[in-house]
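Working notes for the structure below.
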Amino acid sequence: MNCLMLTAKNHSIPLSDGNRIPIIGLGTYGDPQTTPKGTARECVKLAIDVGYRHFDGALMYYNEHEVGQAIREKITDGTVRREDIFYCGKLWSTFHPPELVRLALERTLKTLQLDYVDLYIIELPMAFKPGDEFFPKDKNGKCIYHETDLCATWEALEACKDAGLTKSLGVSNFNQRQLELILNKSGLKHRPVSNQVECHPYFTQPKLLEFCRQNDIVVVGYSPLGTSRDASWVNLKCPPLLEDEVLVSIGKKYNKSPAQVALRFNIQRGVVVIPKSFNPQRITKNFQIFDFSLTDDEMKLMEGLNKNIRFVELLMWSDHPEYPFHDDY
C-alpha cells in the first residue's frame, strides 16, 4: 500500500479482514461538562461535507446520539451512503465480562440509530467494576477494578462480528504482550485488525508499529497533534508539539501548518490519524494533507523528534495489573 497515492477522495487503506479504513478520521471526544449541546452533530456534518468519511466515537463520550444523527442526516440528504461512512465504536472498561459485551454494542447502535458499526474496539485492556458508573470508585475515591479475561471478552466480540453488529474488530491502548494474548488465543476466529494508540512525532511508537506491521494490524494514532493541556490527565512535561521548530520550518516550505505536517508524517508511515477538533477551521485544515508529501529526509528528520514521552499516561490507573504503559511498547 503506497500512502503517497492517497487522495482526498480515495484515502482508505486495507484491513486484514478484507475491509478498509480511511486513513484520516475525526475524533469526536468532547468534555460533556463544557461542550455545548449540538456541537458534535454540527462538526460531524461539516466534516462529511469537507470529505471525512471516518468517525471515531465511544459510548463514554456521551455524544454518540449527536454523531449518529449527523451521519443519518447526511445520508438522508444524499451527501453519502451508509457504506461510505466508517464509524468506530468502543467497548468501555465496565463492559468486559463476556455477557455484557453484546449489550454494550447494542446500546451504542441504539444510540447511533445505525444497524452496525464498521469497527468495534476494546478501549482499554483494563476492566472496571460493571454497573451504571463508567468510573466506579470506592469510598476513598479509588477506581474499583474488576478481574476479567481479555480472551473471553474477545470471544464475545467475535460473536458480535458473526452476528453482523460490527464489520471489524480491534483494540486500543494494547501493548505487545496484550496483543500477543489475543493473537495466540486458542481457537482465534477473528484477528484484531487495528490497535488505537497515542502516536505523533514526539511519540513515534517504532517498536509497536513494527510489531503491528508484522501481524497485519493497522495502527490508529490518537492525539496525533499532541493534546489539550489538561493537568488532570495530560503529561505537561511534554512540550507543545505544534510549536516544534522542525514542524514549523517544514510547514513553511510547503505552505502548510505544523498540524498538517504532523498528520502527513503519520499517514506516510501508514498510521491512521484521528485528530479531534470541534473548530470548523481546524476540521477543514486537518483534512488538507493530500496535496503535498514529505521527502525521505524530512521523514527521517521528523522521526528524530521522538522523545518517547506520552501526553496521555492515565496514571490514575497505573496500579491496575493490565495497565498497558509499564512495558516499553
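The backbone N, Cα and C atoms fix where each Cβ goes, glycine too.
Curation plays no part in TrEMBL annotations; they are all automatic predictions.
These come from TrEMBL:
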DOMAIN    24-306  domain 'NADP-dependent oxidoreductase'
ACT_SITE  Tyr61  active site, proton donor
SITE      Lys90  site 'Lowers pKa of active site Tyr'
BINDING   His146  substrate binding site
Among Tyr61, Lys90, which are recorded positions, the residue with the most C-beta atoms within 10 angstroms of its C-beta:
Lys90
Segment confidence, the domain 'NADP-dependent oxidoreductase' (24-306), expressed as mean pLDDT:
96
Return only the integer: C-alpha distance in Å from His146 (substrate binding site) to Lys90 (site 'Lowers pKa of active site Tyr').
18
Count of other CB atoms lying within 10 Å of the CB belonging to His146 (substrate binding site):
16
